[in-house]
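Student: Can you keep this structure in mind? I'll have questions shortly.
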Amino acid sequence: MLFFCPTPYISCLSIQRLDQFHIIKDWIFSLSAATDPVPLKELSSGSQELFYLTELKETEEDCCTLDTPVHIHAVPFIFAIGVTIALIIEINLLPLVFTKGVVSDHELCTALCEKVLQDGGSSVDAAIVGALCLGIVHPHVSGVGGGGVMLVHNARQNRTKVINFQGSAPKALTENMVQNVSDEGLSVGVPGMLLGLHRAHQMYGSLSWNNIISRAADLAREGFNVSQSLASAISQLEADKIEGRIRDTFIPDGQALRFGSYIRRPDLAEVLETGVRYFYQGAISEEIEKEVQANGGVLNREDIRNYSVEVQQPLESQYNEHIIKVPPLPSAGAVLIAALNLLETLHLWENDVTENQTSRWIDAALLTASALVSELGDPQFNSSVIDHLSGQAAGLQQRMKDVLQLLYASNSTIHPFLTEQLTGQVVIMGPDDLIVSVASSLNRPFGSRIMTESGIILNSLILDFFWPNQRSGLLESNQPGKRPLTFLMPAVMVPTWNKCGTYMALSSSGGTNRLNEVTKVCSDLKGQVSKVEVLSPSKVGHAFLFQPP
């Protein structure tokens, strides 16, 4: 038998090897040394054409057996290296595939967010529409007359930005004016909602701004059914003690709107469609000034015109196998991180600790961390705030143990801060590798309870500078342009070591209890509790109140 192999033969792997039992006698395979093989043809043993195959040489050996062990052993390693390189490229360069997720406080807003994503909008586009929607269907919670915070995490780039559009103090406001607020106008801060959402769109938007605005405006113009949350808030209004426009809108003819009632807000649709510049530099700013000052406040057009949105880096802390990211001060996210770090030092889940004992420790950690809240503020005006947090680490654990003893010794509750702050919350995980969480608020229900001629309900954010039942000297002092401490606390948890893993966006709409709820979810995850159980109402719904006995 004769085999003819091209001299510059490269690899036997490119063809199928034949054994001697499958070789047909008197057949000779002619192969070309060129790139493209010559078609096979049958030649007789004595054919003269064999002598013209100058690129072939006669041999008695099967060339395919040469270095076969080397080739066979090399192939798995080459394959493994190739797969590894491909995976590295896929993980670091190709987009992460998230299961699309949208969460908001109202089904209409959730549907609007999903429609934005379906139409090719970014996750931030969807979050903006959701936040504007909540300001329409839940006017007692949020709206363009309030403020908020947005946290955006880019999973592909592993970068996070915080867009802070919380309301700020008027220039003419002094501490003495608001220690005993009697005039509703004094509680109004500069509304940052619309400008903040516009800034987020400039940074991350895909659809046009007008496209986004029109979706929310159409909802306001066409109307919606009153939700249970809004109906409950309306029922608590005292018709004879509230400003006329709010009364006329939500308690028409003396009859409070009930759950399921239909309401249209064409006035808000016009506000949205007039644009950001008109709001902050045009007639709307004059309208806000007029209403606030008519109700005893000092906010003016200059305060509104000079308002700016802050783009910040998040506070970060490693917790378990995740890095938790929260807005920086004056957000209370620092308290969340402090509480989690305290719990980390206890190694609760490495010891034989019952669920009830764990809950007690969590409550103690929350209270200890929350006690710092009244000492926090806007770091732009008080650089010692961050140093103060760092310096408290040594004594916090002992304080937490003292608090735990008090919790066991008394059945009463202790509450270091009292505020009615409500929050509208939207969380988006879209196909663009962005995780977005935005929280917005008027502070207490219906804010200052002042409504402008255009239908804008103004916030009561200034009340967050001064909490009742606090010791003298711990009240956060006001400065012009300063932003009060806020419990708006969108949080994101990302894998520590690489991009693959579980990503979580956490927040809560439950007033100050959100601090308790988010901390409990994070701590339960540390204990390897299943996510379904962690997020069950029995886990998240616990309200933590702590008041002196």
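Including glycine, each Cβ sits where the backbone N, Cα and C put it.
Sharing the feature lines straight out of TrEMBL:
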ACT_SITE  T423  active site, nucleophile
BINDING   S441, L442, N443, D464, G511  L-glutamate binding site
Student: Report the same-chain neighbours of L442 (L-glutamate binding site): residues 6+ apart in sequence with Cβ closer than 8 Å to its Cβ, ordered by sequence.
Tutor: H140, V141, S142, G143, G145, G146, L422, S448, I457, L458, N459, S460, L461
Student: Starting from the Cβ of S441 (L-glutamate binding site), draw a 10 Å sphere and report how many other Cβ atoms land inside it.
Tutor: 30
Student: DSSP on D464 (L-glutamate binding site), three-state: which is it?
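Tutor: The three-state answer is helix.
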Student: List the Cα distance (Å, whole number) between D464 (L-glutamate binding site) and T423 (active site, nucleophile).
Tutor: 14
Student: What's the CA to CA span in angstrom from N443 (L-glutamate binding site) over to T423 (active site, nucleophile)?
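Tutor: Checking the Cα atoms of N443 (L-glutamate binding site) and T423 (active site, nucleophile) gives a distance of 7 Å.
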Student: Which whole-number value in Å describes the distance between the Cα atoms of S441 (L-glutamate binding site) and T423 (active site, nucleophile)?
Tutor: 5
Student: Return the count of C-beta atoms lying within 10 angstroms of the C-beta of N443 (L-glutamate binding site), excluding that atom itself.
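Tutor: Summing over all protein chains shown, N443 (L-glutamate binding site) has 30 other Cβ atoms within 10 Å.
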